[in-house]
């Protein structure tokens with residue numbers, strides 16, 4: 001099935017979903033190593049079998065990743081390589097998803113109750129707004145299809161809603177700074193202890209200066225994951241979640257807390 005889709009001149013949203021599932025064998029949300037090489041090999045074979053040339057985007061992709069063992073792409077990158085239907089592709093090209101800071105601000109707009117999740121109806125409104133900003137409108141049936149596909153693509157724990165880290169897979173890999181924090185997340189007890197330590201005035205939130213101190217310490221302790229030279233970027237992206245410069249416990253937990261235990 002993936003072969004016939006890779007031979008198409010236009011790939012629908014549902015076909016794109018099937019292609020992604022075919023190659024993302026471990027369900028990580030990214031293609032890397034053998035998965036990525038399988039995609040490149042099957043793409044070249046499928047196009048050749050159908051007597052089709054690789055598109056310029058495909059050629060660039062193959063040249064960039066074909067000889068690399070350390071390549072890694074997300075859904076966004078694949079959507080730009082394959083001839084995906086225009087309105088679905090626009091969801092990956094919108095301004096709100098070109099930088100992590102803009103993405104965080106958009107997340108804050110839709111996670112209005114600070115629950116740490118965006119549920120189905122909120123996701124539908126989010127996608128509708130993205131398309132409207134690109135001067136595109138789709139009917140309710142198509143919007144529902146896109147919403148359902150986004151949940152299937154990103155909802156890794158199948159709870160019917162998206163966490164920040166799941167939603168962040170809409171970002172290009174190089175823009176997704178949350179990946180840097182995946183390996184250093186704390187359990188709930190450790191996180192609460194850290195929050196109280198850096199909330200130096202005990203007012204229930206962390207301001208920019210307190211966050212700066214926390215990030216510096218995290219960078220010192222986790223040099224393999226975090227680069228102290230990128231503190232300004234980390235801080236700017238995290239503060240985009242704040243409420244008027246006040247970063248509350250639930251907001252910071254989205255970045256640094258792995259769970260309740």
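These residue numbers are counts, starting from 1, taken along the chain as shown.
Cβ atoms are placed via backbone N, Cα and C, with glycine included.
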Ca(2+) 2 binding, same site as 111, 113, 115 - Swiss-Prot member from 102, 122: 122
Candidate ranges 2-7, 8-13 [criterion: Swiss-Prot lists as region 'Interaction with RANBP9']: 2-7
Cβ-centroid neighbours of Ca(2+) 2 site 111, 113, 115, 122, 8 Å, sequence order: 110, 112, 114, 116, 117, 118, 119
Remaining residues near the recorded Ca(2+) 1 site, that is with C-beta within 8 Å of the centroid of the site residues 24, 26, 28, 30, 35: 23, 25, 27, 29, 31, 32
Residue 26 (Ca(2+) 1 binding site): secondary structure state under DSSP, collapsed to three categories: coil
